[in-house]
Amino acid sequence: MPLGVRGTRREFRFPVWGLLLLALWMLPRALGVEEIPGPDSHEKQGFQIVTFKWHHVQDPYIIALWILVASLAKIVFHLSHKVTSVVPESALLIVLGLILGGIVWAADHIASFTLTPTVFFFYLLPPIVLDAGYFMPNRLFFGNLGTILLYAVIGTVWNAATTGLSLYGVYLSGIMGDLSIGLLDFLLFGSLIAAVDPVAVLAVFEEVHVNDVLFIIVFGESLLNDAVTVVLYNVFDSFVSLGADKVTGVDCVKGIVSFFVVSLGGTLIGIIFAFLLSLVTRFTKHVRIIEPGFVFIISYLSYLTSEMLSLSAILAITFCGICCQKYVKANISEQSATTVRYTMKMLASGAETIIFMFLGISAVDPAIWTWNTAFILLTLVFISVYRAIGVVLQTWLLNKYRMVQLEIIDQVVMSYGGLRGAVAYALVVLLDEKKVKEKNLFVSTTIIVVFFTVIFQGLTIKPLVQWLKVKKSEHREPKLNEKLHGRAFDHILSAIEDISGQIGHNYLRDKWSNFDRKVLSKLLMRRSAQKSRDRILNVFHELNLKDAISYVAEGERRGSLAFIRSPSTDNIVNVDFSTPRPSTVEASVSYLLRENVSTVCLDMQALEQRRKSIRDTEDTVTHHTLQQYLYKPRQEYKHLYSRHELTSNEDEKQDKEIFHRTMRKRLESFKSTKLGINQTKKTAKLYKRERGQKRRNSSIPNGKIPMESPTRDFTFKEKELEFSDPEETNEYEAEEMSGGIEFLANVTQDTATDSTTGIDNPVFSPEEDQSIFTKVPPWLSPEETVVPSQRARVQIPYSPSNFRRLTPIRLSTKSVDSFLLADSPEERPRSFLPESTHM
């Protein structure tokens, strides 16, 4: 066994990983000292097969190594769940950065790598903020927008002013010693240390899993207070440059005006680029492969444009992601949406890892440290105390107008969750040492504040939340009943506000929804995407999906899946579901799903994403059963490689074909079952009629029947159906589309010998015997009758003399699609069919 690798496997990993890191660091240093001959060297050298060019790839190679080290660090941290469940990942990364920074400084005695403001603001911060805005829950964010703005604007100004003035007051007392700091310097430091950092809040609060309202308030405050922070920082920085004697009242008014310009201007830039991105993705149907590129490039351009105009870049990219997510997700393909989602998460996670690790590395630099115990400790005390006071005062004011009150427990978590991070560090590093004499003291204090809030408060916030029993978020999909009631409550509250003449959240949301549906969606979304957003069809699709899962799971539990594997209809109808085994899946299926009116629509893509059952193993087996045995495509799809476009989604074609097949079968079965017509007799009748029609056509000249009265016959015809965007159609797409069912209206001629088409309906035939409808079904009592009104008797022709009240369909342990087998050619009659049938 090699030296230093003794012990268990867990003890084996970290030493080898550390030695590997040290070797990667020392190897370039050792090889980089080799003397490279200059152009003036007269030494003759022969041809070299391999040359070492470290200086040629030094910068990108080091960047790649640091990214690799950060990624490996996350893997090592998550090897032990006990560590990550107690210590936040951000705190672990800072500690790792301190260790790596110590190794680097011990090797060179120079802080070779630090977190610079340029790298942070232009390359690391945008992916994190874009990810937060693109996946922002819009309903929750805009519902609490007033509360978020109050905390972000008033709260940040309160924290900056009170912290700066309090430090200045203590400085005048002489406790801090001899420091060359003025009032404007203290206010400048208070403005940069007062802002809550979005990166730190995301890193800690996502692991705590507090309730959605509390999370969105703290996180929204950390995003939107950027405008206040930038304005205060720029105002006081310019005042320090001018000097306290030259600052006038006009300059103060300009500073207040600049706040509105910076915040509203950054928001407007983000909205404009969001609409531009949505409009571009509307026309990317034939260039699907570059759709994710548009999302990242245009969003990043909004950030750079705002930075170029001295506006709030964080607000710009945040609102760009918020405003474009709905239209972009509807326009781009499924593969592009998946690419955008995972790429954005990867970039945000990687940037967050690098930020915290380099915060630790940057701290290992003796040149930036200036220690003043009184200044550092008082800063920690003031930012904590004034944060709590500001939250309590603002919450007391907000609770007078909020429908859902913020309790004392929520206020404690909000006060304790005011974390500072890399934004404060980057701003303090930007200070000019010639203008701010005590810059190193400000930098040292900021590093201590960041480490204290991220490490200490991050370690203790989870036990605090558990001790206070704060309500946590429920990670589950809302049920259909909850969605329906939520929509009903929204309409009711909107109506109440409209009647009372008040303009509230519900009224504004309703007006915005109408404007979006009538104007924005038509402008920024493709027509096919607008059709797919129909809520009724979405609910119908989800019900069919649950129906399909229950259908296959029931047959699987009975131990017989032969009827699924066999494509023959004869084998399907011979399956007996009269006494199925009770299953637990039926408990999760609603009453509506057990009725005879549902339809099986097997959507494999949605099944993979939305299936939720009791046992994961059963779900897996059901999924593979549906995918392997329940559908056989009509043709083999060609898999072609192309660098410029993606292959068409086969599941989408299969889903649509399955839907049309199923609807055709269910519609025919529903007609035959309802009217008491046997499937075999109906098929035989249609076959005889078609054969007689062919004989008559052969005997008539030109194959045409004399026209008496043209009628339209709506029949089902097999045709190659193209499922594509109606506004964008090409010839080559029509050749690749799979077959389907199309409803066609054909003009036919009625003759004396053949005047009826399709299935005869005895209700509208006066010569038919109506005795079948007067019989009392076995499940009704003679007293359950309903007398129709005189108007009903006049409007309903050839109706039976007595009507029976429709009772609810009885619950059954059968699969919901087993009722389709009612019209099968069986010898014994079904219990729910009439005793006699009529042609």
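Keep in mind that glycine also has a Cβ here, set from the backbone N, Cα and C atoms.
Fair warning: this is a prediction, and the values are worked out from it, not measured in the lab.
Summarising the annotation, Swiss-Prot assigns phosphoserine to SER560, SER568, SER598, SER613, SER669, SER724, SER815, SER818. Residues or ranges marked as region 'Interaction with NHERF4' by Swiss-Prot: 596-673. The signal peptide annotation in Swiss-Prot covers 1-32 and rests on sequence analysis. The topological domain 'Cytoplasmic' feature in Swiss-Prot is assigned to 80-87, 329-335, 395-407, 473-839.
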What is the three-state DSSP composition of the topological domain 'Cytoplasmic' (329-335), stated as helix, strand and coil residue counts?
-> 5 helix, 0 strand, 2 coil
Going along the chain, which residues at least six beyond the ends of the topological domain 'Cytoplasmic' (395-407) come within the CB cut-off of under 8 Å?
-> 146-147, 150, 213, 217, 414
Would you mind splitting the topological domain 'Cytoplasmic' (395-407) into helix, strand and coil residue counts from DSSP?
-> 4 helix, 0 strand, 9 coil
Give the residue counts of the topological domain 'Cytoplasmic' (80-87) per reduced DSSP state, in the order helix, strand, coil.
-> 4 helix, 0 strand, 4 coil
